[in-house]
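Before any comments, here is the structure.
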Amino acid sequence: MASLGHPATFGRATHVVVRALPESLAQQALRRTKGDEVDFARAERQHQLYVGVLGSKLGLQVVQLPADESLPDCVFVEDVAVVCEETALITRPGAPSRRKEADMMKEALEKLQLNIVEMKDENATLDGGDVLFTGREFFVGLSKRTNQRGAEILADTFKDYAVSTVPVVDALHLKSFCSMAGPNLIAIGSSESAQKALKIMQQMSDHRYDKLTVPDDTAANCIYLNIPSKGHVLLHRTPEEYPESAKVYEKLKDHMLIPVSNSELEKVDGLLTCSSVLINKKVDS
């Protein structure tokens, strides 16, 4: 089954699902710590630029879902669906206030003719932000939002891949401090909890991954894409936001690097991967 996760196709995408920001996000979105207020106009501009990079610049077909004021966190579409090849797992987010976000995502993915699996077990919780797919296997963070039963249902859904669980400490999600920066490359933050999680992933895996260590945990959340006309593409946080981490990304000479601002959504725990669901549709379907 290893060919399914062949690194040559890792990062390929044809479509991206995103969702507009509701104005309720500024005051009502969930956040781990009370901090600076969200500048909503700026958040919208940053989100539009992010969507523009994925659509206009990189050529993905954008499926744009409308905002829902009753769902202040709905821009963070990553948490409600895990898509791998032609299958989509509609999750059961750990925060009860977010569960209705899955409805519109399910409709959108049905229109794209993916095989839909719904997480209906009331004992299961899973946020997509806790799911790291490496192209070879899944790592699932066990956090305040994702539990063992959620990880088991993910494993049942994607049977072709090994699934390992990783305890998440001092962070909202597994991908709050790591992500894939290339076909075999894990971007990881420098904090003790991030490094501990990486060690567990390395112990769990039969495969040896390269690592890219960045000083700032949140800057370790980046988006890698393999675009046939452009090659390796990486969306990462800007030098203005994270100068030291940006310097690390700038050493990746084989990648087309696209710095993206995300200062406003980060105030409500949103990182780069949070606001999109990437899908690779076969051309003939």
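Note: Cβ is positioned from N, Cα and C throughout, glycine not excepted.
Quick look at what Swiss-Prot annotates:
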- Ala2: N-acetylalanine (MOD_RES)
- Leu30, Asp73, Glu78, Asp79, Arg98, Arg145, Val268: substrate binding site (BINDING)
- His173: active site, proton donor (ACT_SITE)
- Cys222: S-nitrosocysteine (MOD_RES)
- Cys274: S-nitrosocysteine (MOD_RES)
- Cys274: active site, nucleophile (ACT_SITE)
- Cys274: Zn(2+) binding site (BINDING)
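Among the binding-site residues Glu78, Asp79, Arg98, the ones whose Cα sits within 10 Å of the Cα of Cys274 (S-nitrosocysteine) are Glu78, Asp79. Highlighted in sequence order, Ala29, Phe76, Pro93, Ala95, Glu101, Asp127, Gly129, Asp269, Gly270, Cys274 have their Cβ within 8 Å of the centre of the Cβ atoms of Leu30, Asp73, Glu78, Asp79, Arg98, Arg145, Val268, the residues recorded for substrate, and are not part of that set.
Each of the recorded positions Arg98, Arg145, His173 was assessed for Cβ neighbours inside 10 Å, and the highest tally belongs to His173. The C-beta environment of Leu30 (substrate binding site), restricted to residues of the same chain at least 6 apart in sequence and closer than 8 Å, consists of Pro72, Asp73, Ala95, Ser97, Arg98, Val268, Asp269. For the substrate site, whose annotated binding residues are Leu30, Asp73, Glu78, Asp79, Arg98, Arg145, Val268, the maximal Cα to Cα separation is 15 Å. Within 10 Å (C-alpha to C-alpha) of the residue listed as 'active site, proton donor' lie the following recorded positions from Glu78, Arg145, Cys222: Arg145.
Cys222 (S-nitrosocysteine) sits 13 Å from Glu78 (substrate binding site), taking the C-alpha atoms as the reference points.
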